[in-house]
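Q: Following this message is one structure expressed as structure tokens.
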Amino acid sequence: MQKLTILGATGSIGASTLKVVEQNPELFSVVALAAGTNVEKMVALCRQWQPKFAVMADKAAAVALQSEIHTISPNTEVLGGVDALCHVASLEEVDSVMAAIVGAAGLLPTMAAVKAGKRVLLANKEALVMSGQLFIDAVEQYGAELLPVDSEHNAIFQCLPQQVQTNLGRCNLDEHGISSILLTGSGGPFRYADIADLDSVTPAQAIAHPNWSMGPKISVDSATMMNKGLEYIEAKWLFNAARDQLKVIIHPQSVIHSMVQYRDGSVLAQMGEPDMATPIALTMSYPSRVDAGVKPLDFTQVGELTFLQPDFARYPCLKLAIDACYEGQHATTALNAANEVAVDAFLNNRLGFTDIARINELVLHKITASCKPENANSLESLLELDRMSRTIALEIIRERS
């Protein structure tokens, strides 16, 4: 029986993780559930799962949760705050930690799981985007096991030799005959829209992803293709890929989730229904496979598969992320922070859709002009850089409104 802590239990990844647990009750049990502020959803989860621990990142939300569940889940200990998140991520009795807290907020608890030597099911791409080499070094130092949950990275993982799968962040692709990794993305809801019309895109339109069911932040990131940019950075670290080994391709149908191209001309692709339960189930059961509750892909219903080059005029955020990836850790940390602030402002109608890229570019320019890569070589310096980038982004947004 594998015991789990689920960080981000009330989000879409958390829901899919619990779906896999429900499908395989003899294999998995839930020890701790953690979320941000959504007390209502957490109450429902505590009622159903009766976890040993329920944690809210927001301490006021933890107080509210305690008053709601003391009768329906009397044996659940309610905790609040970042330290509590780190505590349940590193519990001795826990085998695997689903790291699915969205954004920079997930870095510290994910790192706590790494330092406790856990099997870390990494859905929080921002942890790698923000901390890069520090994260990879910590995985090796503390003997943690890293498994990628993002559908694209999970697809790539499945197409790689076992020697690479068990040596993430340290592998040599060239030694294993791998010429390139092809990271696919749907292009989001605006891939065929007139670029001139993107200025007037509303939050409701941006979060309506054509293929995947996701939370609002990642849905907006998919619309700008910043999500693919962050995934590009994550792939660089996970697979130790050089710039000429990593490519982005738009694949509107989201049937092929990513591909690996080998030196001999072979291309291995992982395909399936666009359901996050599939990659989640693999990371939970690796190297075995379990029932994820996902219907099999019906090839007779797939129709055509199309592939396009990304248009950087349509997706400036993607270009920013790729360039930042090779500027240094300070650049990717700053870009991630700026983007979180800009997307939040857009979702709250304080910023236009195309302004997201403008804010990101301005913050990136200010940080890279004043900060050197060597200034981002510790967790403390990265968190300070994250804070500084958010402050700059907020100031720019205030000036524009």
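Note: Cβ is positioned from N, Cα and C throughout, glycine not excepted.
Worth saying up front: this structure is predicted, and the values here are computed from it rather than measured.
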Q: Suppose a student reads Swiss-Prot and sees Asp150, Glu152 listed for Mn(2+). Which of Glu40, Glu68, Glu231, Glu273 should they find annotated at that same site?
A: Glu231
Q: Going by Swiss-Prot, Thr10, Gly11, Ser12, Ile13, Gly36, Asn38, Asn124, Glu126 bind NADPH; tell me which of Gly185, Gly187, Gly188, Gly215 is listed for that site too.
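A: So the NADPH site in Swiss-Prot includes Thr10, Gly11, Ser12, Ile13, Gly36, Asn38, Asn124, Glu126 plus, from the candidates Gly185, Gly187, Gly188, Gly215, Gly215.
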Q: List the same-chain residues at least 6 positions away in sequence whose Cβ sits under 8 Å from the Cβ of Asn124 (NADPH binding site), in sequence order, or say none.
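A: Those within reach of Asn124 (NADPH binding site), by Cβ under 8 Å and sequence separation of 6 or more, are Leu7, Gly8, Ala99, Ala100, Ile101, Val102, Gly103, Gly106, Leu107, Thr110.
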Q: Nearest to Asn227 (1-deoxy-D-xylulose 5-phosphate binding site) in three-dimensional space, by Cα, is which of the binding-site residues Thr10, Ser12, Gly36, Asp150?
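A: For Asn227 (1-deoxy-D-xylulose 5-phosphate binding site), the closest Cα among Thr10, Ser12, Gly36, Asp150 is found at Asp150.
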Q: Please name which of the binding-site residues listed here, Ser12, Gly36, Gly215, Glu231, is nearest in space to Asp150 (Mn(2+) binding site), Cα against Cα.
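A: Of all the candidates listed, Glu231 is nearest in space.
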Q: What whole-number Å value do you get for the CA-CA distance of Gly36 (NADPH binding site) and Glu231 (1-deoxy-D-xylulose 5-phosphate binding site)?
A: 23
Q: On the three-state reduction of DSSP, what should I expect for Thr10 (NADPH binding site)?
A: coil
Q: Within 10 Å of the Cβ of Lys125 (1-deoxy-D-xylulose 5-phosphate binding site), how many other Cβ atoms can you find? Include all protein chains, please.
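A: Its Cβ shell of radius 10 Å holds 29 other Cβ atoms.
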